[in-house]
């Protein structure tokens, strides 16, 4: 329930103090350019007046004593925040909240009774991201408090069973020493997942690409009230959505940590970083909006596109049943419709537009190449993953007459298990009340026809392009690794890889493959744009991968 990143503040009753902020190095190996002694940071201007007269006229009152405390005051929940930096690309970890997908933040969490804050930071990082390969570089020596808004405080009182006034936060800078494959948003399995997507962001973007939210004076807050999300990671709706849901909005004091990271980046590079150039030449960064200018996977926007999307899901949710899928798998498992090469199938997708996709209405071959090329840039040595990006949606040819001409609801959209209860994380879940299986006692319990740890391979998923392409790849004896087949089969299974649902059905191999699916997912979703790929330029590379992992002609 933390927020994101902080460089300026908006306050309700007084400006944020210009405090001299110290970072206390711990007994760990620091970044090469971090000093080995207490580091004095000159704070940037921390006050941004709102343009409304009521805010502009506020006096510069002195800050409360709790702003620089060594120990948090009574009545405030202790909390730690983690700024995780990857020294290989000089970027910072951020992830989107499951409850508010448009809001991105750093890992954070509460400190247990009698728990040392340092140990709490290590634990929270492991629980929320699965990361254990990291070193603590520095910590902010003081705690910073903020008060909960009245409505949020009331909600949290019922949720936590304690009437906290607000939170007191202590921030830590971690250096990531592992590989991206270690990052698992299901964490270590001890706590419920909190994040849905993740990305590495440059420190410059953290500072430069923030926006401010001015609270209305009628809120009557008696403490600092500011909220920042990186523009590159979210839209302005994130703040209002969070308030409407009564979430605990966070008010971050990670400024000195981010400042140190920026200092390290600039010292090691020796030049100021052009963040726009780095976006185009460096590691893939999650964009702020989709091709329509809206938040990604926003199914509530009142647009003509959304009406099409919601109607498609309505048809899918009332027609996708356990018996229906059994029949479709039997029919299409024969792979006797068409015989053609992978690339020929890619070209056929020029005729396909996915009506379930709220983020893009371009021909599908554009999305395939956007995904594959984004992965290729960040994972140059994982050629199997590049090819998986290219072929993961080829099953959408089911929409074409030569493949059966199935309706869109039987081909595209998020997938979900059948034969057991429908989880509330399924998109537009309320529509599933009209599904016949919903009232079948054999299918409407947590396990239904399955058992604990039975393995997703034994679970019947709603029928569509994912399962079809998986059947085609298996039938044609592809040499792609199991992680690739897992991605192909479950990349539309958002309740699993975004919300952490149905993990009780997974076996050990599923858990290992899920790590790769979560890496793949951000490229599948966030690489969608109207930027065209030069097909002829990249075609020779992908033809070589097709030849490596597939026969020349496939049965479909």
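Here the Cβ of each residue, glycine as well, is placed from N, Cα and C on the backbone.
Those TrEMBL annotations? Automatic predictions, nothing curated.
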Additional site residue, 317, 429, 491, 497 [criterion: listed by TrEMBL with 367, 392, 393, 465, 524 for Fe cation]: 491
Nearest recorded site to residue 465 (Fe cation binding site) by CA-CA distance, among binding-site residues 396, 414, 492: 396
Reported mean pLDDT - the domain 'Nudix hydrolase' (75-227): 76
Cα-to-Cα gap, residue 492 (substrate binding site) vs residue 367 (Fe cation binding site), nearest whole Å: 14
Lowest local Cβ density among 392, 396, 465, 491, which the record lists as binding-site residues, within 10 Å: 491
8 Å Cβ shell about 367, 392, 393, 465, 491, 524 centroid, Fe cation site members excluded: 368, 371, 396, 466, 492
Among 367, 392, 393, 491, 524, which are recorded as binding-site residues, the nearest neighbour of residue 414 (substrate binding site) by Cα: 491
Residue 367 (Fe cation binding site) and residue 396 (substrate binding site), Cα-Cα, nearest whole angstrom: 12
